[in-house]
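Since the structure comes first, as structure tokens, the remarks are kept for the end.
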Amino acid sequence: MSKSIFVVCITLLVVLSPTLNAKMVTYPNGDRHCVMAQGQVISACLQQANGLPHADCCYAINDVNRYVETIYGRLALCKCFQEILKDSRFTKLIGMPEKCAIPNAVPFDPKTDCDRFVEHIWLKMF
């Protein structure tokens with residue numbers, strides 16, 4: 001199963017990168033690239049029915065958030081997903097972290113001010 005997900009992610013990476021003008025943004029902790037995070041979430045979440053996320057979608061969102069260990073990483077991830085949410089093909093992703101009930105997840109909302117989101121997370125840490 002994980003091998004097929006990997007193949008799907010790589011395929012999406014190759015196909016969607018030029019289409020989305022995706023930026024290869026490295027998270028500050030060096031664990032992932034923006035395009036790979038986008039591909040992982042897109043491949044897992046766009047098959048949902050009626051706007052309700054399924055377990056694979058929630059797992060993918062949790063997974064990309066889990067690898068971001070710093071405030072700067074959260075900012076990069078937030079901006080990373082801002083890029084694809086501007087595209088009408090990916091509006092189904094809006095609000096998915098909340099629907100999956102993932103605490104402190106980077107919001108998927110094109111109206112999110114990523115700097116304010118990170119500031120809010122920073123304040124919760126202290």
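For all residues, glycine too, the Cβ spot is worked out from N, Cα and C.
Per Swiss-Prot, Cys58 makes its disulfide bond with Cys100 among Cys34, Cys80, Cys100. Swiss-Prot lists a disulfide bond between Cys45 and one candidate from Cys34, Cys57; that candidate is Cys57.
Look at Cys100 (disulfide bond): DSSP puts it in coil.
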